[in-house]
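Okay, so here's the structure we're looking at.
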Amino acid sequence: MIKRIIVNVKTGSYPIIIGYGLLNKDFMSYWTIKNGDLVVIITNDRVAPIYLNRLYNSFNACEIVTDQCILPDGEQNKSLSMLNKILTQLLSKNYDRDTILVALGGGVIGDLTGFAASVYQRGIRFIQVPTTLLAQVDASIGGKTGVNHVFGKNMIGSFHQPISVMVDLDCLCTLSEKEFRSGLSEIIKYAVALDSAFFNWLENNLDYLLMLNPQSLMYCVYRCCELKRSIVIMDEFDQGIRSVLNLGHTYGHAIESYLGYSQWSHGEAIAAGLMMAVSTALHIGGLISFHDAIRIKLLLKRANLPICGPEEMKPQDYIKYMIRDKKSRLGRINLVLPKSIGKTQVFVNVNTDVILNAIENIDI
């Protein structure tokens, strides 16, 4: 079964195609490319041995001219130097503005490819082909692109929408257990932020997801893409309601920055950040109930995700990174916090002492 979601935003419209086997030549009719197009597949040295030849051969079978650029794997490579490597290859081969970039990989590859597409000759087309659960449900949708900096995550970037997102659920079968569970953190975030019924479904179906049950995966990924689409079409450029999707990210990005974008995966950092947001909401009072907080904690634990930050990181270590967060203004920390499961709110100028106490006393 193939499912389609259309994302209509001010800068255009594009499909999210979800199904099994989309990298195979039999499904090329679903792709937003045609005979004679020139595509450059951007991938990494971990994904390339598994999927590059399959996609390359599918394109060639359809007379699509294909080149490739293979980058090193890892969040630490989401950098200006890797961006420059992509741009240098495109320029050295005289690729013009009709070239289409194809991001074959997880969130790092998607963000790098999208950013390269946004700046190369002032903008060319690109396609997202997410191969990780996290990228399939979140990073590949919505047009956010960019790279990290020593001073913070995603501090250099742009908005540039893909012309399509091709979600091949077969790719999930080759993920490590850690990579798969990392994606579950963003799925749980969606449920806590936006959809209490979906949270109930996750409580009842998490074991099926962990077993890679096809029907459960299809529903889960499709629902997350629906939720992301519903927010993006209202706030394409992240000026308002889209910030609710950053639930847990202010804390999580602090963890990633502190650790130099290594040791912890993005999903692991977001899971811990989600619990810190829950703890902060409890410390402020009048927001999320203790009962809901426990449900969130238990679901994260069942997914084998962290519910607190790294031991070597002290509460005060978070603050310097949180102040640099894109939601913060004039040195004041603004946070997305849960009011209940399925409802969130942006809180302005949250007291630093409350944040420190919430991180220190996160074990609810």
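Residue numbering: from 1, along the chain as shown.
Cβ atoms are placed via backbone N, Cα and C, with glycine included.
Record check: Swiss-Prot places H249, H266 at the Zn(2+) site, and the matching candidate among E186, E203, E312 is E186. Ranked by Cα separation from Q76 (NAD(+) binding site), the binding-site residues E186, H249, H266 are led by H266. For G110 (NAD(+) binding site), the nearest neighbour among the binding-site residues E186, H249, H266, judged by Cα separation, is H266. By the criterion of other Cβ atoms within 10 Å of the residue's own Cβ, the least surrounded of the binding-site residues D73, E186 is D73. Summary: among the binding-site residues (G107, G110), the fewest other C-beta atoms within 10 A of the C-beta are counted at G107.
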